[in-house]
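If you look up TrEMBL, you'll see F:GLU35, F:HIS69, F:GLU149, F:HIS182 marked as Mn(2+) 1 binding site. The Ca(2+) binding site annotation in TrEMBL covers F:ASP57, F:ASP61, F:ASN220, F:SER222, F:GLY224. For F:GLU66, the entry in TrEMBL reads Mn(2+) 2 binding site. Annotation comment: TrEMBL describes F:224-268 as region 'Disordered'.
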Protein chains: 6
Amino acid sequence: MFNHTKVLQYPARPDKPDALFAKKMQEILGGQFGEITVALQYLFQGWSARGEEKYKDLIMDTATEEIGHVEMIATMIARLLDGAPIKEQEEAAKDPVIGAILGGMNPQHAIVSGLGPRPTDSNGVPWNAGYIIASGNLLADIRANINAESQGRLQVARLYEMTEDQGVRDMLSFLLARDSMHQNQWIAAARELEEKNGVIVPGSFPRELEADNFSHSLINFSEGEDSKEGSWANGTAPDGGQFNYEQTPTAHGEKQELQPAPEYMYPK
Amino acid sequence: MFNHTKVLQYPARPDKPDALFAKKMQEILGGQFGEITVALQYLFQGWSARGEEKYKDLIMDTATEEIGHVEMIATMIARLLDGAPIKEQEEAAKDPVIGAILGGMNPQHAIVSGLGPRPTDSNGVPWNAGYIIASGNLLADIRANINAESQGRLQVARLYEMTEDQGVRDMLSFLLARDSMHQNQWIAAARELEEKNGVIVPGSFPRELEADNFSHSLINFSEGEDSKEGSWANGTAPDGGQFNYEQTPTAHGEKQELQPAPEYMYPK
Amino acid sequence: MFNHTKVLQYPARPDKPDALFAKKMQEILGGQFGEITVALQYLFQGWSARGEEKYKDLIMDTATEEIGHVEMIATMIARLLDGAPIKEQEEAAKDPVIGAILGGMNPQHAIVSGLGPRPTDSNGVPWNAGYIIASGNLLADIRANINAESQGRLQVARLYEMTEDQGVRDMLSFLLARDSMHQNQWIAAARELEEKNGVIVPGSFPRELEADNFSHSLINFSEGEDSKEGSWANGTAPDGGQFNYEQTPTAHGEKQELQPAPEYMYPK
Amino acid sequence: MFNHTKVLQYPARPDKPDALFAKKMQEILGGQFGEITVALQYLFQGWSARGEEKYKDLIMDTATEEIGHVEMIATMIARLLDGAPIKEQEEAAKDPVIGAILGGMNPQHAIVSGLGPRPTDSNGVPWNAGYIIASGNLLADIRANINAESQGRLQVARLYEMTEDQGVRDMLSFLLARDSMHQNQWIAAARELEEKNGVIVPGSFPRELEADNFSHSLINFSEGEDSKEGSWANGTAPDGGQFNYEQTPTAHGEKQELQPAPEYMYPK
Amino acid sequence: MFNHTKVLQYPARPDKPDALFAKKMQEILGGQFGEITVALQYLFQGWSARGEEKYKDLIMDTATEEIGHVEMIATMIARLLDGAPIKEQEEAAKDPVIGAILGGMNPQHAIVSGLGPRPTDSNGVPWNAGYIIASGNLLADIRANINAESQGRLQVARLYEMTEDQGVRDMLSFLLARDSMHQNQWIAAARELEEKNGVIVPGSFPRELEADNFSHSLINFSEGEDSKEGSWANGTAPDGGQFNYEQTPTAHGEKQELQPAPEYMYPK
Amino acid sequence: MFNHTKVLQYPARPDKPDALFAKKMQEILGGQFGEITVALQYLFQGWSARGEEKYKDLIMDTATEEIGHVEMIATMIARLLDGAPIKEQEEAAKDPVIGAILGGMNPQHAIVSGLGPRPTDSNGVPWNAGYIIASGNLLADIRANINAESQGRLQVARLYEMTEDQGVRDMLSFLLARDSMHQNQWIAAARELEEKNGVIVPGSFPRELEADNFSHSLINFSEGEDSKEGSWANGTAPDGGQFNYEQTPTAHGEKQELQPAPEYMYPK
């Protein structure tokens, strides 16, 4: 069960309207690694957690915070749209600055949401739940989270670069910090689990059941041998095995061919 | 540019037809972490790589291999469908085994693809490119890859558990091994990069520009303090900072409220 | 069975080309509340109607009209694209007006449809049937229709505001009128049904089977008590019960926790 | 900003495992009118509200409650999956009850989420944000909410009918009650607003700008005149105008034809 | 503008209920090549037609017929669902026939549409407009139509095979015939256009601007030379050129490598 | 199994950066008829081919080539983005050329992919597998391929028209040539198959089982008789039957009406 506080976790107030940046900022609201993704991803992971309580609590702490980040970015977008020009006027069209805004803004910000945020990415594609990950394997999911916070912080950093609005940058500096913390915490959690269960997910599947002569070979499917010199082709692998390099890929299987189709499938 | 060899990388031959398992196996072909995802994810990462050649080559080696894994699983599904019953006959409906197959199989395996594999997940949802990740930041993407191979291997392990067909299990044992290798290699590559650029992605964004008093705090948004005892709430963080725990979340912002809407947006 | 008359229900002729407005107008063709939505929503409702004939006939009358509205808007978009510049020429790029058009138009209007309308919204997202509603409950569906015509008319009003082309505005004035009628008719129909079956959908589910001590309480989950003063927190509710206000939310359930996962799901 | 309480708003504990019902219950979690829809719909409406505080507070109260409903249903699904058979064993396949479960369950409940809920509908289609509505017009959105709670309660009623598990029915009886309240509250709010701004949305668009000779006519596009006798074809319309009935549809426009395509579009 | 006749183009009455077949039949209603696809594809082609009137009229004749086919199949599905069992009862679960139906039917047919058709394919995936094709090039689009009617008739033939219900088969025999006609008509139209404009689409693009030493070579990218003996590797090509066979693919380009990324993109 | 050569099949090097054209070129990478579509379509057709080896080999030759085309276009897009301005600077916004680029470019090219290609169309909609076709009927699929190469070449021709960059045009001239070859080869293959199995797909379904009095009639559902004069309404049809023209459509069915809904579906 949840409760809501009307005050934002951190200020979300731009210096001035900017409909073009409002469009771009949609990416971190409703894009693949926007805040809707992390909020729902962590909620589903937390609600499905079947293991130790401290991990479940960590996930739910972070999930709940992220709903508040959706709120902050939604607020910022609405405020960036306040006062945006929307009419195609003769004069406007001739003013290159306004013309570029009218041509470049997200039309749904005017037509559909009436100057509100949209649950979409920066191109207007609706967020969908195919973005989120909750597998029931704790280490797998924490790796998903390390990735999500890395991609997310990268996008925030790029947005920071793309604006000079100090109000926007202030909020982004907070998001950058929280994404740093979230990377830190998930990395710490992953290290704990890797120590307990090993680095290969899932750790509980018996290694002897895999075709283990293929478990440590880098196979050279792309012409050129630059990859041969990497730490992934020689020496000890993270799981303790020995890496090796296969210069020429071998096909171990049979020809890719199928039986003729039955008549009732109407192959002709 | 690519070339194709007709022999499969590893045998893909089931002991007998099984339309229900063919439906399930679609998950690792066209699901969020199916082979189409990793093949295209690595291709896009490789083609966009702008850094050191050895990483690009590693990515392209693996990408090219994965296209061959799509091929193997596609072949296995087609063979599992060979000889599957598809007619609703009076008798069939009364045979519980056949009835369950007719009721449970993916209808598109008969109607749409004529006993071929489908580019969808195990529920028949078409694969879409919103699953893939290629950001132009090498460490971010390698973390995405560690996650993809972890989720992928987990799903293969569960499928292994769900069948007793030795032919199917043999192919899955190979995929398990390759997913082990791929986890190994991406972890090795990530470690290299983390040593060079630090653990926080992106490493080149100046830390002093983030609101760094928020970069190491676990905030207790979910009632109960189990998370307080974790390695993520005390001691040294992976980036070298000191973790701390905030027992009661503070709202630093202002009230979430917006200006009245302009009349031309027709708020009434 | 349907027949087609080549003359449009109402004129659809702009005063002059406008590729940017063509992009915006896509919203009411292929957006969430575009004409494709209402046409198909009403068709599916009509074809699934299992009750009184007069409702079914009303729905089919409106459904059939809406296919003609799709036709009108499709025509308008095609005509707005007639004569649109599409080449990136040195000169063009330097003319701010043409530059903004080339930068802001929907590229698929040139590349994919060759100056024709697209079955997408104003951002180019394909229409999908997840937008439509046909539940087999007449009052529920008529409420969906009241909403659809309200959202639709709102979007048309905003588009009216965003152009000064008199030909476009003339067509929009017709759509505004038909959306008024459609709101009128669905409201009239809903009132009839609410009188017969009550205001709570579905009216035939026995109220005594619901946990009726929760059926009239506004619960204060969001800090601040402004909502307490509304007509929804005091007095008689539309279904005849008495509204009340619960100042502090109560959790009636148990802790959100699950059993440990079975080993065969590979939680580790 | 949000806070989370670990105790559920209402108990969510089934009497026994039922993987088939877990699949069906996904509809009210991640379907078009599942709890994710109403939670995010109300959040976006609340964060975009630009008018009177009491409406915004009402919306945020309800939004926050709905996140807790997502939690309850997610929990119920996880518990229905506890102990579900997943192996295709020789024996199992011959037991019709287990066979039907193995054939009929959502395969992703085993392969992808490891006995956890999925952010999808009952057919496994991922939730997407194209379902939600937040327009910046208060009456339009409250109509959307009346519809959402009507469709939602209808689906819960049908699910109630489809199970005999008393634990599941107990939770559904609570959801039925809350959906009754939410219908009640949105109807009350709509009545207030209709009294202030009129029944036609948007109320502030000048009626004289619409082609008002078309604003009250039911046009007989579907053969048969059953619709003629309804309250929508005679008498006073909800907006105060007079309904009329047009027996034979008139085409007021011109022929649907376009100019020849320019050569640079390659029409040949 | 359209008019609707309440009588169906052809009878759509099954001999008896069959919820499993209702699920399968969804494929030809809302699948990639279902009737919604052809109806909307032809409507968009017709409304965008900018050439000779006889083609436009042919397209609109067929488009309008197809809306009536959507109606027939929607009706058939509703009737197949009439009387379908939906309750999970102790007894039912033990009857293998009913158990298989309850496990195998589309749950949305009960929960969402209340025994009505759904705008989805046989797996429940919503129809989307990404399926349709309307390019503004007449020959290209007629080829799309030949394909659509071929795929469509193939699916109907397979469904015919999968049922023994004489009422269903009767309707399918009608659809098979209309799909034959539609293949016939589009082939006839394509032949006309190919004679006028040549077989290569678009015919008006100057052939001398293409790199024409690559216009007639089959390149052997897949090991094995079986394809060498086909009519596509020797002799005169349909456009009048001479086919040839390139045994070993040549790479004419440069290495796939990119410039280093700029710092402001945060590649590290 | 596949191998990768690092040299491109053909040069992909633009004369200068052009972020707007990079956005447009996405259409032929990740649009409905982009190279991802044909690559995966042919792969799935090839892997599902159950007939004569020479067709399977032809399909796999072409499939493998197309992966290399994805590579070329991905490379071109990355190079068009090299050096693109991304910052909203006071000055930039005032320069109409840069302003139009900043307003018109795909924001994800900066925020998400860091100057790399995206697996989406020109509006940013992710590619999805609902675009591809692999039916298990060889002639049906080859018709799909003729269409795909026609639509694809048309789009390339339009893009050629829309740029004056000689480097871009050079690559497009190569793609035009390959699309010519692919149209040629699929037409040749279709002719072979039509000679063997007839022009109606599927050829093996017994014609006597279709309602053959409907197999050659053009029915005049759209007012006006222009279509009557076509080669599709008179004379011999491609399958050898005689075309005829039905001036007034006849409804052969019964009224579209359904039985009342059962109470347990809650129709009220």
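If you go along the chain as it appears here, the first residue is 1 and each next one adds 1.
Glycine is no exception: its Cβ is also placed from the backbone N, Cα and C atoms.
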Subject >> Of the binding-site residues listed as F:GLU66, F:ASN220, F:SER222, the one whose CA lies nearest the CA of F:GLU149 (Mn(2+) 1 binding site) >> reply: F:GLU66
Subject >> For F:ASN220 (Ca(2+) binding site), nearby residues of its own chain (Cβ under 8 Å, 6 or more apart in sequence) >> reply: F:SER227, F:LYS228, F:TYR245, F:GLU246, F:GLN247, F:THR248, F:PRO249
**OP:** Just name the binding-site residues among F:ASP61, F:GLU66, F:GLY224 whose Cβ comes within less than 8 Å of a chain E Cβ; none is a fine answer.
**Re:** F:ASP61, F:GLY224
Subject >> Other CB atoms within 10 A, centred on F:HIS182 (Mn(2+) 1 binding site) >> reply: 25
Original post:
Among the binding-site residues (F:GLU35, F:GLU66, F:GLU149, F:HIS182, F:SER222, F:GLY224), which are close to chain C, meaning C-beta separation under 8 angstroms?
Top reply: F:SER222, F:GLY224
Original post:
Where DSSP helix means H, G or I and strand means E or B, what are the helix, strand and coil counts for the region 'Disordered' (F:224-268)?
Top reply: 7 helix, 6 strand, 32 coil
Subject >> Subset of binding-site residues (F:ASP57, F:SER222, F:GLY224) lying within 10 A of F:GLU66 (Mn(2+) 2 binding site), CA to CA, in sequence order >> reply: none
**OP:** Only counting partners 6 or more residues apart, tell me which same-chain residues put their Cβ under 8 Å from the Cβ of F:HIS69 (Mn(2+) 1 binding site).
**Re:** F:GLN9, F:GLU35, F:VAL38, F:ALA39, F:LEU175, F:ARG178
Original post:
Can you tell which of the binding-site residues F:ASP57, F:ASP61, F:SER222 lies nearest to F:HIS182 (Mn(2+) 1 binding site) in space, using Cα positions?
Top reply: F:ASP61
**OP:** Other Cβ atoms within 10 Å is the metric here; tell me which of the binding-site residues F:GLU35, F:ASP61, F:GLU66 scores highest.
**Re:** F:ASP61
**OP:** Starting from the Mn(2+) 1 site formed by F:GLU35, F:HIS69, F:GLU149, F:HIS182, give every other residue of that chain whose CB sits within 8 Å of the mean position of their CB atoms, in sequence order.
**Re:** F:VAL38, F:THR62, F:GLU65, F:GLU66, F:ALA148, F:GLY152, F:LEU175, F:ARG178, F:ASP179
**OP:** For F:ASN220 (Ca(2+) binding site), just give me the three-state DSSP call.
**Re:** coil
Subject >> Cβ neighbour count (within 10 Å, all chains shown) around F:GLY224 (Ca(2+) binding site) >> reply: 17
Subject >> Secondary structure at F:HIS182 (Mn(2+) 1 binding site), reduced by DSSP to three states >> reply: helix
